[in-house]
Amino acid sequence: MKRLFIKVDGIVQGVGFRPFIYKKAIDLGLKGWVNNNSEGVYIDVEGDADSIYQFLKELRTNPPALSKVQGIDIQEKPLIGYEVFNVRESEKVKEKITLISPDVSICKECTDELLDKGNRRYGYPFTNCTNCGPRFSIIKDIPYDRDKTTMKSFRMCSQCEQEYRNVKDRRFHAQPNACYDCGPRLWIEDKCGHTISVNDPIEWTRNKLKEGNVFAIKGLGGFHIACDAKNGEAIKELRDRKRRPHKPLATMAKDMKTISKYCKVDEVEQEILEGITKPIVILNRSDQFNLPENIAPFQKTLGVMLPYTPLHILLFDDELDMLIMTSANVNGLPIEYKDQNARDSLKDVVDYFLMHDREIYVPVDDSVVRFIGGKVRMIRRARGYVPEPFKFNGIESILACGSDMKNTFSFTKEKFLFVSQYNGDLENIQTLNHYENNIKHFNRIFAFKPSYIAHDLHPAYLSTQYALNYSVQKIAVQHHHAHIASCMMENDIKNKIIGVCYDGTGYGEDGAIWGGEFLICDMKEFKRVGHLNYIKLPGGDKAIKEPWRMGVAYVHKSLIDSFNSQNKSNYTTSNDSVESAVYKIFKEKGLTLIRILNSGFNFPITSSMGRLFDAVASLLGIRDIVTYEGQASMELEACIEEGVEGFYSYEVVDEDVNIIKPYSIITEILEDMHSGISKGVISAKFHNTIIKLTVDMCMKVSTASGLKEVALSGGVFQNSYLLRNIIRRLKENNFKVYTQSSIPCNDGGISVGQLCIANEIIKSSNFNNNLKHSLRL
C-alpha cells in the first residue's frame, strides 16, 4: 500500500479535472480525496502500488482535454486508512493566482445532444458542459463561480442543478450550464432594433440568409456580420455597407466536407480546424474553387473556420453550407459585443440582428493561424488561446503596453507571462478605451498591479502615452528589438543571436522609421549591423496607404543612382531623364511628387522592408492605393508564378553598418517590365532576391561575429513564400533558424518582446530610474 499527496497546477479549474480524478480513483479502487484551491488541484490518494502507478500515468498522459497541466508535485506520505474517495469543498489560498480557461468550442458529446431529437437539449443554442463552452468571455471576477459570471442572472432549473451537483456528471460544476427551461434565449430584431416575433429564430435567420440578407449575429466573444458565402451580391452589399472593399472576409463552413470542396487541406490543417480552439485557418484555394471572388479579392487563399458554438452549428443545412462570418466592427473600431452599441453602429450595415441575452463581458475576436514551413503560425491570438499563459521565470509585476498596431499587452504574475487578446489598432478614443478596459479586467481577475512598465520608443503612440501616465519605473523598448525578443522568448534563447526583422514600420533610435533590420542581440541589448538604405517616405503616413508614393520614391532614387553610375542600366539609357521615366509609369501625379522630392522637402526616412514591397507592387500596377494594412504586399505574393528561379542584383555597402542598396532591383524590374515579362515572373524574381539578400547578409554577419543562429520576426514574415524559402536556404547554409508559432511575428507579439527585454534590463546591475531605452551593445 502507498499514499501520495499530489499538487497539480496549471489550467485545472472549470475543465472537469475533479470529476476526472474522481472517476480514475474509483475505477482503480483508490481511496482519499480531491479538491480545488487557488493554487491548483490537491489530491490525497491511497491504494496498492500498481494502482497508484496507473493513476499517475493517467494523470500525466491523459488529463482532461481542456486542462493545461504545468506542474505535478508528488510527496509520499504515511498511510491514513481512507475508506472512500470523495470530492472535498474548494478552499482558498491567499495571494495565489487562479488560471482561467479560454473559451472552448463545443465538444462532441454536446454536439451529439444538440442534434438528438430525443434529448432535452435538442436544438438548444447554448448547450455546454465541463469540456466546452464559454469561459473567459463571461467571467467578471474570480473565483470562477457562476455568480461571478454573466450567467448569474440565469437560475438553474432542478434538472440542471442536479447535473451541476453530480460529480459523475459531465456537467459537474459547469458554470454556464443551462437548458431551454432556465438558460439564455434567442430573438430577432430588425435593423432599427425592433423585435420581430418568430417561432424559431434560427430557422428564420437561415431562411433570410438564403434570400441574401445580411445579419449581425451575437456570438461567443462578440458580434459577427454574416451572409451567404455563395451569394456574390450579398457579399458586395456587405462590403459596400461596411466600407470594406478588398480586405479578405472570414468564412465559416458547415463541416470539413464543405471546406474540402473549396480549399486544399492537409492533415495538420484539418487537425487545427477540428480542434478545441477552432481558429480561422488560412488555406490555399483548391483548383475547383468556385465561391465568389469578392470574398477575398486578388488572393489565392481563404480564411475558414468550423462552427464552434451550438448556435453556429444550427445555422447550417445542406443548402446553406458556407457563411461569411466577419468580425462586426466598422471604421477601425473594436469588435462590437454590447447589444446597444451593436444596434447603434451596425444599423446601416445589416438587415437584421440575431440576438441573445447571455451578456458578453470580455470581447474576444476569432483567432487566426496559417500553416507555413512545417509550423502552425499564429497571426491573431485571441479566442481559444487567451488567457492561457506562458511559463516565465522572471521579475513579477511588469506590464508591457505593446504596439499601436495589432495591439496586445503582456504582464508577469508569479511564474507566468500573460498575453492579452488581440485589441485591434489603437487609432482612436474608442480603441484606446477598449484597450484600457481590457487592462483593468486583467488587473482585477489576476490581482495584478504593475511595478514596472515597458512601452515602445515611439513618443506619439497611444500605448506610449498610456504608459507615461503610470507613476512607476518605465522602460522604452525599440520596436524591432522587441520583435526579435518575442521570437527568442518562444524558443527559449538566452544567448546572442542574429536577428532579422522585416516589418512595415517601427520607430528607430535615430528617429527614422526602421523595418529592414539585421541585429545582433540578446534579451537585453542589441546592435544594428545592417539595414535597407534609408529612403524618403513621401507624404509620411500617406505613403503607407498610397504605395504609388513609395513607387515614385524608389524609381526616383534608383534612376538617379543609375544615371550617376558609370554602368547605366538598359532602362536608364533608354530614357532622357528621371522625370520622363517616372511619367511613363506614374503620369502627372508622379511628376508632381518628383518635383517635391527634388525640392528637398523634409520627408521622414525609412528602412522598411514593407515599404519596398509596396513600391514593387505599385510599379507592377498591382496596387496604388490600399484599403487595408499589408494589401499591396499580400497581392504581390498572391501573383507569384511558381517555378521561377531568377533574381535581381543588389549592393551591400560596408559602412559603420552594412547598408543594403536595392536600387538595381528596381531598375532591373523596370527593364523586365519594358521587355514584357509577366507580373508573376517579376514578383517571383523579386521575392527570390529578398530571400538571397537575407541569406547573404546573414552569412556576412556570421563571418564577422561567429554566430550561426538566426531569429526571424516582423510582419513581413507572414509571407508564406518568403518565410519557408528563407528558412530552407538558411538551413542549407548551416544556420539554426528560429521562428514563431505560438506568438504572432507581427505586432501582436511586440508586447511579449517588450516585457522580456524589460525583465533583463531590470535584473541588470545598471538599471536605474532614468532608463529611457533598451540598451545597445
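Glycine too: its Cβ is placed from the backbone N, Cα and C atoms.
Curation does not apply to TrEMBL; its annotations are automatic.
According to TrEMBL, the protein carries these features:
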ACT_SITE  Arg18  active site
ACT_SITE  Asn36  active site
DOMAIN    3-89  domain 'Acylphosphatase-like'
DOMAIN    199-384  domain 'YrdC-like'
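Secondary structure at Asn36 (active site), taken from DSSP and collapsed to helix, strand or coil, is strand. Looking only at the domain 'Acylphosphatase-like' (3-89), the predicted model's pLDDT averages out at 90. Counted within 10 Å of its Cβ, the other Cβ atoms near Asn36 (active site) come to 23, all protein chains included. Around Arg18 (active site), the same-chain residues six or more apart in sequence whose CB sits under 8 Å from its CB are Val34, Asn35, Asn36, Val41, Val87, Val167, Phe172, His173, listed in sequence order. As a summary of secondary structure, the domain 'Acylphosphatase-like' (3-89) carries 24 helix, 37 strand, 26 coil according to DSSP.
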